[in-house]
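Asker: First the structure, then my questions, so here it is.
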Amino acid sequence: LLLSIIQTGILQANKDLAVMESKPALPEKVTNITCTYFLNSTITCSWNPGNNIQNQQTEYSLIYYRNKFFSDTPVQNCFPKAIISSSESVTFPCGLSKTECTVRCGVFIFTAKYLISVRAENTMGKEDSEKYHLDTQHAVQLSTPVITKIIAAKNSLNLTWKGQDFFPFDVTCILRYKKVTAGQWIQVENIPMEKNEKEASFHIGGLEPFSNYSAAVSCIRKGNTIYWSEWSADVYGQTLEDRPSKAVDLWRSMEDPGFPGTIYLIWKPLSVSDANGIILGYKVNRRNQPWMNTTEAKISFPRSREACEVTVFAYNSAGDSPGVTLRIPAISKQGVLPVIPVVQAFPKNNQLWVEWKAPPSAVTGYVIDWCVGTEAVCDRDWQHVNTTTLTTYLTGNIEPLKHYNISVYPVYEQGAGTPILTEAYLKEGAPGKIHTPEVSDIKTTEATIKWKEIPKDQRNGFIVNYTIVFLNKEQHFKTVNSDVLECTLQSLLPSTQYRVYLKASTKAGSIKSSDVIFTTSLSTEAIASVTLPFIFMIFLLGVVCVIKKPVLKEQFWPPVPNPSKSSLGHWLDKYHPQNILEWTVLIPDDGSSVCNVHLSDSINSDHSYSSSEKQLLDSYIAELPLPYQPVPAIGEDIDQHSAKIQL
């Protein structure tokens, strides 16, 4: 019971405390009041609410204390009569949770001084801040000026602006401007604007031709004043074109250094700051040749045997750029100009550096020429270097994994000499592609592996070597130099299947090709071990056939009588018929037909037949088809026999 009473008391105490905490406290006095006066009889004040910001139900009011400039009667449409608390001050409600309030009233004049306080009020009470002394001449802020006109020239802009107020005092303005692409403003201060003037202007000089600029203006009452007007809206203007201020960067490349060949003049387009306008084209002048005109940054013409001097001008609507001249030596003299003895290129600090040694003769400068990609599709760039420089890095967008062909030219009074070439990468990586190798000339213990060279634009570095990896039950490998494109594998096992692939390596990594499977041939011993027993069996079978020929012949080919060797055959050889068989058909009285056959034997009548011969002859005649078969009596002469056969 005691514990229950204690718990009930604690709960009630917490409830009472929560109720007490939920009740709003007396508002704090606001601090840091600042007020600004505008010439349209408007006053804006701001303050720091302090802890009152936590109470969303706090209301604020501005209290303006009367002075001699206030009339006894409130100004209509300025303060309602109901909020006039006394004859000494006027209260203007600002609303809930405010940190700023603006009041416009005709009683506020430029030459007056006021006392202003801010009242914070909630359900618990109200608190007035300390009084703020407002001197309108000191706290006046002009309205934002407006730039009305901008006039452009080649190197200048002329701006005109006006104020939105009528001010009976002198004004000082500040102008800021910058190139659109720049980061910082340039300010021009203390630009006067006399009282009662409606407009002011300023001439901005020293600008770049054909460039975009932005500008803005802010003004303040001249004298002891603290508030500048807001900056005007930015206005933009572009200066006019001027003739290009710089010559183009000129160079050349030759399709064939011999004769006749073609000379390709190439140059870099001018930057926007150097072009001073829109480049309309280029003029090319060769000595003793007509002028040429082109809109591209290159031109070509056949090479002559003599020295050639070419000058190029860029032009826009305002005029021509300074000319730049390039001398191309005669073919007969270019080969005798001294060359640079040593050139090397290497990456350093994320840049591609080139070093060389000076030639034995004095030069007027050097040209570093480089080409990205294959010779067929070459993105060429170059840079000029003075005579005292023997090392430099390549400018421009130098990318990793790209193959650069770099040439260093010594430049003499007669023109550029023969270059020295080198190759380099800013950063190397593993090759990007490799072809599947081919297997040929497969033998018992050897096989030849061939592969194609990786294109330069896919190597991503210098190929250090190739490695051929071949496996059966164990893994073997063979490494060759980068200039080798075929390799013969030796000491292979006969009649064995191998899996082989190729690896191409740079300093930064390697790439593996697809697998190829091949099988070596049988060895001579293996072939002999298979074929010799078979040959021996065939030989043995032949011997058996020879020995057992009669038995085999009687078994598979039994004897057949030869009719030519029979006695009948000999008799027939002697038989020569002389009379033909005569057939006589008789018609008897009863209507039946009778065939009378007379067979005459051609054998001599004096010939006597043995009984065996007669039997053979009888059997022969018996073979004659019916119904023509005569049946002679035994012992009867055949040539005298006549048989009647009834049909």
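Just so it is clear, glycine is given a Cβ too, placed from its N, Cα and C backbone atoms.
Worth saying up front: this structure is predicted, and the values here are computed from it rather than measured.
So TrEMBL says this about it:
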DOMAIN    141-242  domain 'Fibronectin type-III'
DOMAIN    337-429  domain 'Fibronectin type-III'
DOMAIN    430-523  domain 'Fibronectin type-III'
TRANSMEM  526-547  transmembrane segment
Asker: Counting each residue once, how many in the domain 'Fibronectin type-III' (337-429) are helix, strand and coil under DSSP?
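Answerer: The counts are 0 helix, 46 strand, 47 coil.
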Asker: Could you tell me how many residues in the domain 'Fibronectin type-III' (141-242) are helical, how many are strand and how many are coil under DSSP?
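Answerer: DSSP composition of the domain 'Fibronectin type-III' (141-242): 0 helix, 50 strand, 52 coil.
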Asker: Using DSSP, tally how many residues of the domain 'Fibronectin type-III' (430-523) sit in helix, strand and coil.
Answerer: 3 helix, 41 strand, 50 coil
